[in-house]
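As written in TrEMBL, here are the features:
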- D:R86, D:G124, D:T125, D:R126: phosphate binding site (BINDING)
- D:11-140: domain 'Exoribonuclease phosphorolytic' (DOMAIN)
- D:158-224: domain 'Exoribonuclease phosphorolytic' (DOMAIN)
Number of protein chains: 6
Amino acid sequence: MRPSGRLPDALRQISLEPGFSKYAEGSCLAKFGDTHVLCTASVDERVPPFLRNTGLGWVTAEYGMLPRSTGSRTDREAAKGRQSGRTQEIQRLIGRSLRAVTNRSGMGETQIKVDCDVIQADGGTRTAAITGSYVALYLAFKHLVEIGKLKSIPMTDSVAGISAGLYKGVAVLDLDYDEDSTAQADTNFVLTGTGGIVEVQGTAEDKPFSQDQFMELLQLAQKGVAELTQIQKAALGL
Amino acid sequence: MRPSGRLPDALRQISLEPGFSKYAEGSCLAKFGDTHVLCTASVDERVPPFLRNTGLGWVTAEYGMLPRSTGSRTDREAAKGRQSGRTQEIQRLIGRSLRAVTNRSGMGETQIKVDCDVIQADGGTRTAAITGSYVALYLAFKHLVEIGKLKSIPMTDSVAGISAGLYKGVAVLDLDYDEDSTAQADTNFVLTGTGGIVEVQGTAEDKPFSQDQFMELLQLAQKGVAELTQIQKAALGL
Amino acid sequence: MRPSGRLPDALRQISLEPGFSKYAEGSCLAKFGDTHVLCTASVDERVPPFLRNTGLGWVTAEYGMLPRSTGSRTDREAAKGRQSGRTQEIQRLIGRSLRAVTNRSGMGETQIKVDCDVIQADGGTRTAAITGSYVALYLAFKHLVEIGKLKSIPMTDSVAGISAGLYKGVAVLDLDYDEDSTAQADTNFVLTGTGGIVEVQGTAEDKPFSQDQFMELLQLAQKGVAELTQIQKAALGL
Amino acid sequence: MRPSGRLPDALRQISLEPGFSKYAEGSCLAKFGDTHVLCTASVDERVPPFLRNTGLGWVTAEYGMLPRSTGSRTDREAAKGRQSGRTQEIQRLIGRSLRAVTNRSGMGETQIKVDCDVIQADGGTRTAAITGSYVALYLAFKHLVEIGKLKSIPMTDSVAGISAGLYKGVAVLDLDYDEDSTAQADTNFVLTGTGGIVEVQGTAEDKPFSQDQFMELLQLAQKGVAELTQIQKAALGL
Amino acid sequence: MRPSGRLPDALRQISLEPGFSKYAEGSCLAKFGDTHVLCTASVDERVPPFLRNTGLGWVTAEYGMLPRSTGSRTDREAAKGRQSGRTQEIQRLIGRSLRAVTNRSGMGETQIKVDCDVIQADGGTRTAAITGSYVALYLAFKHLVEIGKLKSIPMTDSVAGISAGLYKGVAVLDLDYDEDSTAQADTNFVLTGTGGIVEVQGTAEDKPFSQDQFMELLQLAQKGVAELTQIQKAALGL
Amino acid sequence: MRPSGRLPDALRQISLEPGFSKYAEGSCLAKFGDTHVLCTASVDERVPPFLRNTGLGWVTAEYGMLPRSTGSRTDREAAKGRQSGRTQEIQRLIGRSLRAVTNRSGMGETQIKVDCDVIQADGGTRTAAITGSYVALYLAFKHLVEIGKLKSIPMTDSVAGISAGLYKGVAVLDLDYDEDSTAQADTNFVLTGTGGIVEVQGTAEDKPFSQDQFMELLQLAQKGVAELTQIQKAALGL
């Protein structure tokens, strides 16, 4: 039934490649099928002004797509001189998701900037970005522990993102572009490794959906994140 | 328990004043307690380029806050030269919510631009904006029917937005600023008059929340939207 | 002769509603007929860099129009990413007018930012903005006196703005949009409560006007500002 | 009494050099003492969209200052990415002044763009710009007549600008920078060759001024413009 | 002598991976040691306005660096809202280099946009970008031939770029970042497969260099481009 | 053979007028035939942040063209809100050229900003700008010596720029616009008074050129700069 032949509750082939970047303190190339997102975590000694002298750190994220990561070329945001609303929405989501599992008082007044750059897009770039960013952020913290800047990794849980939607009336997990572009409903869930809800974003593309349908999507997402959590642990050698 | 003394499932004082603007084809001043949002719906003969010669119409929204609508003054976005990520996120949400209950093939190639300007903010501006925008949009369509441009009002349902969150561990409806700024979880629901889910946005501010907590918030929202739907009907004389 | 039926020297219905805003230290909703401008005065502890350590304060203004304050919708300046020349011209005029009656050495190194937002426009928005801003600014200073930050209100006079123009060859006071858009000459006067000239801006829209015509317009303006001054005093309870 | 030793009603040394530019259809280097403004008038076949198919032409102006035209270097507006409010105010003033003496129906659907670039500034740049722009515009129209595009020069009068102000309590004409920066009142007048008032801009820098003082300034300006008109005629060989 | 241990005339390890992108009509991942640049060539049916109805095509390029492609994080240009002068200089160079070997009348009115995105930077990103872009552009033209849009590949020669510089007084080829940041002179050459000079950019970083030194650098570059040309041919299966 | 009738190795009429500006610490109006560039050097007490507390100074340049300096009007960059890639490329070139002959440790922590504004353009604006900027910069340093801020002029050599190109197959010096717009190859050389190479920029406009052709252009440039050096000395009275 699905264009890819996957079962409704099947993830795409997932790959998390830690340490992809030569320079970044933490990095991960996250692949969800043909969606490839490079996540790098960069340590910055300066926190934003509103946190100075608070003893708290900050984690923030930026998101971008290479112009030809998509089926037809998208204009370069740097050339247009502004980031789209979609870009800003996604990067805010990634930042909130990472902060929800970070113990900011355990970071000291340090900032981590996570860059998520989409090398190739086939649907679900924001969920791949969140899933890979967790790995990159963990590795950056691990680096700070190794060089003696931090005593322990200031994270309270792992976090991953996955989409679920109604495609031809059926609830399916981890939509690719073909499904996404025709789905009746599209939801993105950000859940922790222990099953807590961090972010929920659901949109009825065409007609409203019911509470029961929504619950079905949430359960698919919980199954998907459980699998992603195992892949994250394996990538980090935990 | 709530700063305002309200019961957990109580809305603030709601007022929807239709026809507030002298010029707009449809307008509504929406008040959720001390949150006041002016919603105007303006008819534009031109649809965006991607819809030309498709027979479909378009509904879009813009959102802004007056600089001193807030407790301390916020810089004017026009002076800064860019809309914030938050502004863009909210105006995209309003636009999607309205389109979900609009029959765009019944509009002809007409565009309605809905402006939601926050005159005073005390939490929940996006939900007040959606609730008032529905009234403004309905009135603009009604105007097009009255002058013979449309045969009937091309809307399939009503739509309204409400927030719910966990405040001091308790699920509460329609958070004001005092609650919002300290809530553990903050969710916004956009539901139709017949109970369908159009948009769900949930964010754990501090620590993740559980599936059960989420369901409790959804039920509060359903109760709140049922009340808002009655107030919308009364405002429109339906 | 005038579209509104007013006599040549008659103001529109004027209303100045002080304390309109819940949050601002000073505020006033100014109505000149169907022109409605919300003026708020916000206290800012920081003066601009060029005034640091001078002992002088600063008063500045910003101006904006809601997109559908006008008969046909105007594009939102925040979305366009720049303020128009007209907007900048008006906000500079408001700022100069207020500073002309402010004793800046009596303010200490405090800044007041006055926001003038046009809720509805029917001609004469800049003069309504100046007239209402004076009330808002006075109230903000009064607040600073009441909380002990200032010893007395550092204003040397009141100030108000009014337009006068040549409409169908006749000098008329306080033009509304119908008159303004076809007037031969359009002048704006900013005068003090004791009759001094603070700002004069006269423009021949179509053909030059004579010195005698100009004097006639100035006299109309003096009559108008005398009336506005009384209304300001009443609004402030002076 | 004046820093320059001039009498109160004396202009600075004025020079209008027509045809300064090799390329422009009309040009004039206007010097008011040490204030030097290069004015060029460029013919553009396209009118702005709002004038298409109206049979009317358009005259518009742009204004800029070289970074080191001033005593201390001013940041380059092109590098800052925006024109200041002052720049926009001045270029709008120049455009209106020129249109006031242009018969736009006699131009056909042609646009003239006048650029006023300040090479050196010593006060009064806007009035030198207007005075020189008239010459440049006249020459551009003359060129269009000579090549057969127009039958006659579509101007109804000449136009020139001059400043007058209160300096140490005395009304003086054509202020230079030393006077301008300490004047109590600063007014700019744009008058036609036959004495009509096109634009008046008066600002009390420090304390309000009286109606009598204003009249005195207007009379000085009338004297000054009469002299400028003769110099314009000489420059154009009329 | 060189930090990398390379001989003065030795290139880094070069790899050109054609067809790296799933979507682009032509693509190549170019690696010059640790410098990795993804080049994609996208076909666009529309040429720029100045070429409409000329029968000529256009080839243009854009360049960007991922924020953490560099040793310390560089701000994202899309977030800053403008491309740096360096970025613009490089993308103009790439575009000119490609057009110099393209027969634009043989393209028809088609445009190819080449995007060069630096995934990792270790010096020489512009030369890797040009070398890889040639491969991507060739493949895009080959695709147009295969689908029948073009009769033959409209390129007159191959093109590649390489740097040469004076490092500790010695002329060396293909500088990496360690060398580049301390070199006395830095030159970039763009040469064709048959040895023609397309672009030369030489800069004395510290003190001027002599004509003889310049000739030595040119000869190194000729040797380097001869090798790159063979690698390009191999990558294209020619 | 050349449109101007010049011999292949002949410069245009060159004029360097020092002290053109009333205010700038150093200035020069450079004329290369009909190309006129005003160069001003302004002393700024503040160096850029990256040089604070290093004991080093900085020299930087900005470049602009008046809108009607060109044959047809060019849009004003300040009005467009961004400097073009060409502008940025040229101003970076000028800055590097001047720094190559400046002993920055001999300046102290002072910055000189050189503005090059093209009053009239007939090809070769960047080379006229560099040649005139050297004079302006020298004069600004001389001023600092005269007022006791510096002990000696911190320049190691003079510097000048000139173009050479292939026009109708012949190598020619100092191209004017007519030649430049049809030249097969266009190169710009920046050389010191003692013959060192500071910058080389060569571009094949149409088809690649050979090493021998390039050498011929370099020799023409050496001849041209030798002449410019004498003119610079004369202008400075050396």
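Using the three backbone atoms N, Cα and C, a Cβ is placed for every residue, glycine included.
Sequence features annotated in TrEMBL and their locations in the structure.
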| residue | record | contacts (Cβ under 8 Å, 6+ apart) |
| --- | --- | --- |
| D:R86 | phosphate binding site | none |
| D:G124 | phosphate binding site | D:F32, D:T35, D:I162, D:S163, D:D174, D:L175, D:D176, D:D180 |
| D:T125 | phosphate binding site | D:T35, D:V37, D:M65, D:I90, D:V118 |
| D:R126 | phosphate binding site | D:Y63, D:I90, D:L93, D:I94, D:G161, D:N188 |
For phosphate, residues beyond D:R86, D:G124, D:T125, D:R126 with C-beta within 8 angstroms of the site's Cβ centre include exactly D:Y63, D:I90, D:V118, D:A121, D:G123, D:T127, D:A128, D:A129
Across the domain 'Exoribonuclease phosphorolytic' (D:158-224), what does the mean pLDDT come to, as a whole number? 94
According to DSSP, does D:G124 (phosphate binding site) fall in a helix, a strand, or coil? coil
Span of the recorded phosphate site, as the biggest CA-CA distance among D:R86, D:G124, D:T125, D:R126 in Å, is 13
For the domain 'Exoribonuclease phosphorolytic' (D:11-140), how many residues does DSSP put in helix, in strand and in coil? 44 helix, 41 strand, 45 coil
Its residues classified by DSSP, the domain 'Exoribonuclease phosphorolytic' (D:158-224) shows 18 helix, 30 strand, 19 coil
